[in-house]
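Chemist: Pulled these from TrEMBL:
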DOMAIN    253-385  domain 'GGDEF'
TRANSMEM  6-27  transmembrane segment
TRANSMEM  72-87  transmembrane segment
TRANSMEM  99-117  transmembrane segment
TRANSMEM  123-142  transmembrane segment
TRANSMEM  154-175  transmembrane segment
TRANSMEM  195-211  transmembrane segment
Amino acid sequence: MTNLDATTMVLVLALGNLALCALLTFYDHGPVRPPALGAWALSKQVQAGAWTLLALGGASIVPEALALPGGYALLFAGVALEAGATFERAGRHGWRRPMVGAACLAILVFFACYLIDEQGLRSVAASLLLGGFYLAGAAALARGWREASLLQRFLAVLTAVLALVVAARGLSVLLLPGGWRWLSNDLLRMLSNTALYLLMLANGYGMLLLGREGAARELARLEVVDPLLDVPNRRGFFNALAPWMALARRPGLPTALVVLDLDDFKRVNDGYGHPAGDAVLRHVVELCRRQLRDSDLVGRLAGVEFAILLPRTSADEAMLVAERIRAAIATSPVKSERAMIAMTASFGVTVIRPEDSNVTLFQRADDALRASKAAGRNRVSQAAAASADV
Ligand SMILES: Nc1nc2c(ncn2[C@@H]2O[C@H](COP(=O)(O)OP(=O)(O)OP(=O)(O)O)[C@@H](O)[C@H]2O)c(=O)[nH]1
């Protein structure tokens, strides 16, 4: 009965992994091509091959002497690849070498156990090694626990628990060959097979859902962040501005707004090409950041127009900050492939007034910016001061 269960389980794992591979293949060739699932999809293909070979061996279609070592070698390679893919997802890109080493070592250990003792030692090695690889995957999922979503945390815990169940079977065969009370080795074998099945399901659904979650998070981020410069875009900047607009209606230190527009930027694009223009934009943002406090905020309003929010800053202080940034831009040409690209920017400075709306605030700052442009560019102008501005 248990033998039949084990054979059926291997067949179910083979079919399950093959079905997942088919889904991934069609998913990857749909009309909207998702980002390649890469190493993880490959790990599933290798595991599907492994379980299929083991199932064919179990059904005596392929000689067992070939199916068992071949199937397990593929299986270790597949789960090592899967653990590696999970590390890759967690931002650890140096996973390849250690995982290839671990997979080779696992295959060698398994072959050694297989040669020493076909039955007992072999299943001890297989359970411990598989459990170890899945635990590594759980560790990768648990990285960045604080920022991780509930789904990711759940998957980390579930994978760890199931990996321990898989490994426990090997440990029990090794330490308690006769089982322990009601926990017989047959029961542990069944639990271990069920854990492997659940790991296939949990990892399959989990990785696809985590992928969707990541894509949704990136989409939400792109609504408020400029992808080229990684600073808030117009919407993101206005979102960040809102509480400071509200605070301006209460007595206290003012909040200043600086708008800046790069001068004659068309010349850069026309003369050096769009990529060089992009490099100049990144350089300008970096220069701004270096001149600002952590509490200040740079945003990209449109094209080559930027805004800087300076909380708790008077108009005079904001003029000094803007002047510092202007000087930094004017004296830090950007090295491109063909030349050093000199750049200047014009600035408009104002502070938020209690009666301001976004429209009146930016109108005033833009008027000051236009005055800088009209006066010959590469300069800072302050908006006409109201009596309350300090
Ligand atoms: N490389 C690059 N260029 C951009 C980007 N966004 C806008 N531009 C270019 O920036 C230039 C902006 O031109 P304008 O602001 O109208 O004028 P300007 O040439 O800067 O001249 P003034 O503002 O009058 O000093 C246009 O040529 C846009 O194509 C971008 O993301 N990358």
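The backbone N, Cα and C atoms fix where each Cβ goes, glycine too.
Give me the local environment of each listed feature.
Modeler: Long-range neighbours of the transmembrane segment (72-87) within the same chain, counting only residues 6 or more positions beyond its ends whose Cβ lies under 8 Å from a Cβ of the stretch, are 38-40, 42-47, 49-51, 53-54, 95-96, 99-100, 102-103, 106-107, 110-111, 114, 126, 129-130, 133-134, 136-137, 140-141, 203, 207.
Sequence-distant contacts of the transmembrane segment (99-117) (same chain, at least 6 residues past either end, Cβ-Cβ under 8 Å): 68-69, 72-73, 76-77, 80-81, 83-84, 87, 124-126, 129, 132-133, 136.
Residues 72, 75-76, 79-80, 82-83, 86-87, 89-90, 92, 102, 106, 109-110, 113-114, 148, 152-153, 155-157, 159-160, 162-171, 173-174, 189, 192, 196, 199, 203 of the same chain lie 6+ residues outside the transmembrane segment (123-142) yet bring a C-beta within less than 8 angstroms of a C-beta in it.
Through the fold, the transmembrane segment (154-175) approaches residues 120, 123-128, 130-135, 137-138, 141-142, 145, 148, 183, 185, 188-189, 191-192, 195-196, 198-199, 202-203, 206, 210 of its own chain, all at least 6 residues removed from its boundaries and within a Cβ separation under 8 Å.
Within the chain carrying the transmembrane segment (195-211), a Cβ under 8 angstroms from the stretch's Cβ atoms is held by residues 9, 12-13, 16-17, 20, 34, 37, 40, 44, 47, 82, 85-86, 89, 130, 134, 137, 149, 151-152, 155, 158-159, 162-163, 165-166, all 6 or more beyond its ends.
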Chemist: Using DSSP, what's the helix, strand and coil tally for the domain 'GGDEF' (253-385)?
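Modeler: Per-class counts: 59 helix, 33 strand, 41 coil.
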